[in-house]
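Enquirer: Got a structure for you, questions after.
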Number of protein chains: 4
Amino acid sequence: MSRKTLKLAIIGGGSSYTPELIEGVLKRRDDLPVSEIHLVDIEEGEDKLYVIQTLAQRMIDKVGADITITANFDRREAISGADFVMTQFRVGGLKARANDERIPLKYNVIGQETTGAGGFAKALRTIPVILDICRDIEELAPEAWMLNFTNPAGLVTEAVNKHTNVKSIGLCNVPVSMQMMIADMMACELKDLQLEFAGLNHLVWVHKAWLDGKNITAEVLAKVGDGANFSMKNIFEEPWDPDFLRALAAIPCPYHRYFYQTDAMLEEEKQSAIDKGTRAEQVMLTEQALFDLYRDENLNEKPKELEERGGAYYSDASLNLVDAIYNNRNTIHVVNVPNNGAINTLPLDAVIECSSVIGSWGAKPVTVEELSPAVNGLLQQVKAYEQLTIDAAVLGDYDKALMALSSHPLVPDIRKAKSILDDILRVNAAYLPQFKVSVP
Amino acid sequence: MSRKTLKLAIIGGGSSYTPELIEGVLKRRDDLPVSEIHLVDIEEGEDKLYVIQTLAQRMIDKVGADITITANFDRREAISGADFVMTQFRVGGLKARANDERIPLKYNVIGQETTGAGGFAKALRTIPVILDICRDIEELAPEAWMLNFTNPAGLVTEAVNKHTNVKSIGLCNVPVSMQMMIADMMACELKDLQLEFAGLNHLVWVHKAWLDGKNITAEVLAKVGDGANFSMKNIFEEPWDPDFLRALAAIPCPYHRYFYQTDAMLEEEKQSAIDKGTRAEQVMLTEQALFDLYRDENLNEKPKELEERGGAYYSDASLNLVDAIYNNRNTIHVVNVPNNGAINTLPLDAVIECSSVIGSWGAKPVTVEELSPAVNGLLQQVKAYEQLTIDAAVLGDYDKALMALSSHPLVPDIRKAKSILDDILRVNAAYLPQFKVSVP
Amino acid sequence: MSRKTLKLAIIGGGSSYTPELIEGVLKRRDDLPVSEIHLVDIEEGEDKLYVIQTLAQRMIDKVGADITITANFDRREAISGADFVMTQFRVGGLKARANDERIPLKYNVIGQETTGAGGFAKALRTIPVILDICRDIEELAPEAWMLNFTNPAGLVTEAVNKHTNVKSIGLCNVPVSMQMMIADMMACELKDLQLEFAGLNHLVWVHKAWLDGKNITAEVLAKVGDGANFSMKNIFEEPWDPDFLRALAAIPCPYHRYFYQTDAMLEEEKQSAIDKGTRAEQVMLTEQALFDLYRDENLNEKPKELEERGGAYYSDASLNLVDAIYNNRNTIHVVNVPNNGAINTLPLDAVIECSSVIGSWGAKPVTVEELSPAVNGLLQQVKAYEQLTIDAAVLGDYDKALMALSSHPLVPDIRKAKSILDDILRVNAAYLPQFKVSVP
Amino acid sequence: MSRKTLKLAIIGGGSSYTPELIEGVLKRRDDLPVSEIHLVDIEEGEDKLYVIQTLAQRMIDKVGADITITANFDRREAISGADFVMTQFRVGGLKARANDERIPLKYNVIGQETTGAGGFAKALRTIPVILDICRDIEELAPEAWMLNFTNPAGLVTEAVNKHTNVKSIGLCNVPVSMQMMIADMMACELKDLQLEFAGLNHLVWVHKAWLDGKNITAEVLAKVGDGANFSMKNIFEEPWDPDFLRALAAIPCPYHRYFYQTDAMLEEEKQSAIDKGTRAEQVMLTEQALFDLYRDENLNEKPKELEERGGAYYSDASLNLVDAIYNNRNTIHVVNVPNNGAINTLPLDAVIECSSVIGSWGAKPVTVEELSPAVNGLLQQVKAYEQLTIDAAVLGDYDKALMALSSHPLVPDIRKAKSILDDILRVNAAYLPQFKVSVP
């Protein structure tokens, strides 16, 4: 590509993950002519934003890169003229997340913050904010690519695609982690492994795996059933039943445990909330510790403690996307994109998580062989929940919200759906102005 | 149609429902030239078959109809040359049903005999038998129409359509009952009511209702939410939440309670099993009483007690089909037929329950407007369960069976699915020769 | 239905067909409480409108019906409060039609006024006018049903469905005529015949035919191949090749000759234009003769000469629709409606001509078995032409218009397409204000 | 990949193209451990096979490669244990091709050997032979990839996919040539160009083109309309109408001229046949000249005259595929593969020509944005022709063959279709044993 300079805007720049992004940019200086990084956050996060900014500056200075770091609260300035906009914010912060996780537990329902009923609350808060950001991008950087890390990433990307003209790709570290773990299991190099990923965010399967041209799907499933490491830092590692995996004949992602092993996962979530607080409450402590490290004026690189935070590979995944788009690499990444026929049982405009070709055309999903009925049934049910949640979030529509939660496979009864919904609307009232109804 | 005489073969002729069928034939003598009715059953049912045969003969004699009644165990003789074959048998009888209902309850899962995990066991037993019957029809009466009442009627009809060349239509009394109850609510005549039915057997919705050309869907939902009678004899009448019905915006069938109000229905099923036995155990008593009535040599008509048995309208529904096919009426009935695009999110060969045009071409479903995501999500999930169950039943495949139960929305965890499956295979071993695995 | 009185608005009331409609209304007085018929036309048609009005009045007086006839140029008054709006107008009159037929012939291309390139010109003129009428209906009679006879009826109905909220059904006399002719061939009663119609307007096939439950498709095709009468008054009856019909295995409509026997039909059209003028020029004479009859003050019924005009059964077809909707008859008629999955290879919102259930819900198409590739290929190509023509007519877009004609199977080369398009735009400039481009 | 040695089997090894393949293998010795090349042909081609074998041996010797060349008539020996089977044969040779081109011209129909009616005859001859080859591959090299160059490549690959279990990919040099020509026009490097290819073989469009992330589709179309070189050696370069290209809004392939500019192409084909013989007759001379060169014992490399033969890039295209599969490159190539949802208006098992990801999983097509109606209409019509041709070739079914030709957009009338078909069957009788009918 005819070289020019690149500007990155990081929405939620005060996040503890930002040092990883900075490191990623610095590692790719030969391929990506980044000249400006604009970190933007909300005023409540002023202190954290400042800590991140100064650490980032030290990291840049260390390698002598010619990159300007800006950090402030002016989102429009950040977006204006950006080539890539990265979103990694959390509406309501970890406190809101703690509520998301606790409310469903009251009703014996999994609260998990992306895939459980907690993710529903998070979506209602997040979607209006991201659509607002998109209005700015449409006006101030219409050619920019938005790379969205904000969870629930599939839902949020679908909302952006259906309601704005912004060019966007949703991103998650689960597929990359699965690739790494399968390569570990098979003791092979990543490049020799071929994996057919398709599903939804946090509900993605590897439908078929090949090594040196040989179908190794059953072999991988046997290893997972036999206890091979196949989980993420932030998910309880309930063992898989080998018979079930053989019958499924597709490799589930770690989050599938919530759907397939609901009883055990709920038990663990309840016990864990009692023993050490919900996951949000645990993360608050980790964050505290990380920022303490970041404040150290001698620190001028990403501390290794960050990798234990749970978001491993996020930065590599996202900067590899920037590289693939900017340099028209046509490499394969697993991202969240409009389906467009790749999974032929879902609507064309449904956002799916799928192996995609990334180049100057953005992301184009690769077609997927016909799914088994078991995979398709769950996929359809969760996509129905997602569609309804997007409608509810955009319209502030109580009925759509009720149908969304009633359609969620982890919410087993409409009475519980209604109770959880009413609690969510009450507790999050400050973040949900789109809902006009007053809940008693 | 150029008149000829008609032969009906009734498989499971010793059923307590048969007198209703006989009554239906006698009522339609002007339109249907039935000259022969062949009741066939298995040897274990010899006594009941004889009781039914003699009652039927008395009913025929009373009106002086020119109809021959035959009753024996020779299924091939019954089918040979038949114009219509009606199937209403129960493999394993009410004892097997009692097991179907009790096993899942052990694991806190709804056992219900069609739509619950009990229906899964019933399907495994029934499908091989009905495919056997179809082989006979293909050979001995290839032009005959099979009208299938045997539950789970949707699943069974799909198995027949996918694995045989028999012309078949599946039939249930739920849609007719819903029409009657809605007409009652609206205090109108049936013929002025227009109802768009579509879904699966025991999972059918009225997506839109009109009276005198006016859309009355919301009005009907309000009445149902307000407590109007909208249930079947054999389903516990848990009240509906009016907010949920308004949000659903489609009229659910009585069996939808199992999916939407799972907690309450499970509680009731458990309590009822303790208080008065499972539904199968209650029906055994009703059957006993009916056969005592049937034995009365003075009885020469269908006793009104039969209507309380739960299968109201079955006979009318089925003989109206015979009439519509034979006389090319092109009237609209709600039956189980291959989808063929009517519900555009399901495969063409999936059997659905849908408003259909019945004439000499058989049944052709009427197209349905696009379904809401909430309706589509549940529909897809249940259809996935059905497809897997058919495969499991036909192939005797343990893995398919495990995936079928794991995909069932009322079975919330794969561990429970596996335990229930193993119990079902063990208890039903005599009826499931197609399963080669020995379960411990 | 709770009886009330009905108002019919006839747009293009001065048409020579109107007496047939009046007769249809009078024949159905027991079933349809029509109390008002409002004939509306444009000022250029004042004389014809007056002739029709007075004839209609005499017809009403003869049977003593209590129906008010109004006739004037006030379209909004006609539509206001109407229950049914019938459209049967011709923008530009027969003179424009003569141009439509002659322009393509200059380039050796079939000009035919609905299915040939002539129909394209007619669509460009007609669609903006019908959308205007629909705006009035949306405002003044939002619950009215529009029954559209205006050709090309499929295209026009699709434009109405995509661009307005009017409840509309498109209607053509070809399917009824085919039913009549097949019943004649088989020497049977209409009610014993079962025909699976599906396709597009003037491109409809009977995919399967049954008599007394027996598949007679091959038999009908053999009779047609053997020369049985199977044409319309206004189409040259080029004989069909029996081998081709057998291979097609579906019964084509008379207009299919243009697509399958293009050479012969073009030759005939060219010769006929020389010998006796184009079809439009012939119809001008017939019309003249009809109006001479209508002026006779002693005439108080539909003269039998009208039937020879070519539009036989139109009135019966349309008033049967009114009856079926008003009285919720749920009878089967072949009409133009949104596909909605009936033909599963076409988009849901494509308008097709299909056997449909007509009742108080309007028209719902009955699903169609999978089409053969040969049928599907032609169908898709013509539907592509239709979609592009609608876009061109609505947007006044030259490029869409060029692609429409280039996609028409009877226009074999883009150079011809462009020449014909430019001629059409030039000659019809007065009727095509939506096209901003000035053609040289 | 764990290195092993590779065996290539070349069916039709005596082709004049083979030296290019040999050159391609030799160029890639670092990436592809080819140790054996088996050339196989039929006995009639003995002389040519020997000439090729000895030239190939000289080429190998020149670079000192460790590759064994075998050449004989034993197809099963060639296939046995092969890793890649390449097919490039021509049933009936150039004489049959000359007939294919001349017969349609008699009826004023384009005869072109792939896309015209000539391609239909070629398909009937070729498909039974390739299915025979596949039976051998299934038995003797079930894991081998078949790379099919044999025309009509799309049709042939679809036949293989529908009727065998062989892993196959169809290949054509048109897409590569289009890439080269567009890069030339834009004066850019290939790697900076991004092209969305999709369609059928010899009917493929670039739906969108990007350079450095900028959409340049309109710019490319303007250059083509302005006369930029955009043709293949073997197609007459009729200029494109710039208005048409702008309206089409997709970049057509050179073969599209036959469909869009039918009149001019037919004229040229007729004139050319008179002036210098059909294309087959011209190629016979070129071939003669090439083999004269090949016989030169001093020649030990591919002579540059071969590039003028018309099949430029074929060898690079095919060996790049071998490399991508063997080394799991996951690079993008435009090949013929089962659609699988990429073009969502075509069946899943239709073979399309599409940008695909090539790796150890074979070829997976990348999804395509929704096609415009004009593109979709033509695509559907040609695919219908292809489906029917495959059925006709496999079944030897006259009716399917008649419907295939009647569905071909370049055959404008069923009478011509029938005459051409009858001539084809008569002239090719020796090659079409599957057709039982005797044509008069």
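We count from 1, first residue shown onward.
For all residues, glycine too, the Cβ spot is worked out from N, Cα and C.
Annotation comment: TrEMBL describes D:ARG97, D:ASN151 as substrate binding site. Positions annotated as Mn(2+) binding site by TrEMBL: D:CYS172, D:HIS202. The domain 'Glycosyl hydrolase family 4 C-terminal' annotation in TrEMBL covers D:197-411. Residues or ranges marked as site 'Increases basicity of active site Tyr' by TrEMBL: D:GLU113.
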Enquirer: Long-range same-chain neighbours of D:CYS172 (Mn(2+) binding site), Cβ under 8 Å, sequence gap at least 6?
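Expert: Sequence-distant Cβ neighbours: D:PHE149, D:ASN151, D:ALA153, D:ASN201, D:HIS202, D:ALA317, D:ASN336, D:GLU353.
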Enquirer: Per DSSP, D:ARG97 (substrate binding site) is which: helix, strand or coil?
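Expert: Looking at the DSSP assignment, D:ARG97 (substrate binding site) belongs to a helix.
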Enquirer: What number of additional C-beta atoms lies within 10 angstroms of the C-beta atom of D:ARG97 (substrate binding site)?
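Expert: Counting Cβ neighbours of D:ARG97 (substrate binding site) within 10 Å gives 25.
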Enquirer: Can you check how the pLDDT averages out over the domain 'Glycosyl hydrolase family 4 C-terminal' (D:197-411)?
Expert: 94
Enquirer: Could you round the CA separation between D:ARG97 (substrate binding site) and D:GLU113 (site 'Increases basicity of active site Tyr') to a whole angstrom and send it over?
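Expert: Their Cα atoms are separated by 7 Å.
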Enquirer: Non-local Cβ contacts of D:GLU113 (site 'Increases basicity of active site Tyr') (under 8 Å, 6 or more apart, same chain)?
Expert: D:ARG97, D:ASP100, D:GLU101, D:GLY119, D:LYS122, D:ASN151, D:ARG279, D:ALA280
Enquirer: What count of other C-beta atoms do you get within 10 angstroms of the C-beta of D:HIS202 (Mn(2+) binding site), across all chains shown?
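Expert: D:HIS202 (Mn(2+) binding site) is surrounded by 27 other Cβ atoms within 10 Å.
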Enquirer: Helix, strand or coil at D:HIS202 (Mn(2+) binding site), per DSSP?
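Expert: The residue in question, D:HIS202 (Mn(2+) binding site), is coil (DSSP, three-state).
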Enquirer: For D:ASN151 (substrate binding site), what is the tally of other C-beta atoms lying within 10 angstroms of its C-beta?
Expert: 22
